[in-house]
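Colleague: The structure's right below; bear with me while I get my questions together.
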Amino acid sequence: MSRRRAPRRISLSQRRDAPAGREWRQRTEEQWRGKAQVREVEEEEERQEHHGKESVPRGTCQTMCPTRELQDRQLQKCLHRFELLAGTERDRRPRGDPLRAVKEYSRPAAGKDSTNSSDLRPAAVLLKTVCYLIDEVAASPHLRPWTEVYNFVFDRLRGVKQDMIIQRTSGLNCVAILERTVRFLIYASYRLCGEPLRLYDPRINDTHLQENLSWLLDCYATGTEPHPNQEEFQALGLLYNLGSARAAQHIMELPERLRCSPAVTLALSTNRAFHERNPVRVLRLARRLNFIQSCALHRHLVSCRRDLLLIYSHGFNSRNCRFPLDRLAQLLCLDVPLTTRLCQAHGVEVNRDNRLIFSKAAFTEPEQEQLHCKLYHNIVAEKQRDLSVGDIIHGCT
């Protein structure tokens, strides 16, 4: 007979060994201040050597999808169902709708000229394309499932970014595009949390979010125009990268006017509580965040709640000590049934009187599949209320 493996004991000195602990932190430390578009810029520059670096391509395409690409994909039957002309879906060769088709992201290839002006969209057209993707696709109540909506919008936003890099787009249109892209990716990280990997890969989403966010913050730093949404995105960057020393350092280097703004001050307080290992304060401050800020923070909630249970398992480690379940539910920002489920997953005993018996010896780390992060989203979900997806991504909150 195989022996049953004893639960792994966790000491208070173990800082963050939860599955969502250091893994994301190491990645964000490496990505935070790097150039957003390094990989794609290098690839484009290599190809542009043959065309002369002194001239930057300028797009002339006035539609969301170049005519040549639309014709090619129509012949190859490579149109997405969101791009088909109504009434032709069941035809042997469905036709694309010029008003719905959007340029795909295409990987750089040897011998492929990606600088043809007729295939590139100017900044104004790119912004119009992004608004279409948000209003008519991402926010549509009729297009389902949302995992498919996400993958379509994600790919087309990569195509937009590719055009921006080739043309070295800057200015207010560039900022407007990046702001909406960052909000979309943050919202998607919350909405699709827990989806199967074949439908949604959080690591890929995170990589592109970090790149677009870094590019956006660089635009703020180098631009001369006023940016009314800068406070919002400086705070979002810190909340999303909670615990990152570089993210905190970036905030501290901002002008005092920005650093002392309400949103950034709240983000700094949350980050400080996280560094001080005070999960109760982190969760209390999380109640004051708006919806998109809560979406940015949500990936850290699992580790915060895990830390709270670990600290209490040491602090209330006594056979005669009983802690009220409803009080813990308030601290965790969860309802009682979910609090019970979370406690049992971490080896905290719940008796018949709805009292908790904490024991540092009994505390265990649950298997990854035992914790479904999506079940514990109520602190975020309750803030969405009547906000539409379009309002969220456009920043109309």
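Cβ atoms are placed via backbone N, Cα and C, with glycine included.
Relevant sequence annotations retrieved from TrEMBL are reproduced here:
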- 14-40: compositional bias 'Basic and acidic residues' (COMPBIAS)
- 47-56: compositional bias 'Basic and acidic residues' (COMPBIAS)
- 89-106: compositional bias 'Basic and acidic residues' (COMPBIAS)
- 64-351: domain 'SAC3/GANP/THP3 conserved' (DOMAIN)
- 1-62: region 'Disordered' (REGION)
- 89-117: region 'Disordered' (REGION)
Colleague: What is the number of residues in the region 'Disordered' (89-117) that are helix, strand and coil, as DSSP sees it?
Modeller: 1 helix, 1 strand, 27 coil
Colleague: On average, what pLDDT score does this prediction assign to the domain 'SAC3/GANP/THP3 conserved' (64-351)?
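Modeller: Result for the domain 'SAC3/GANP/THP3 conserved' (64-351): average pLDDT 95.
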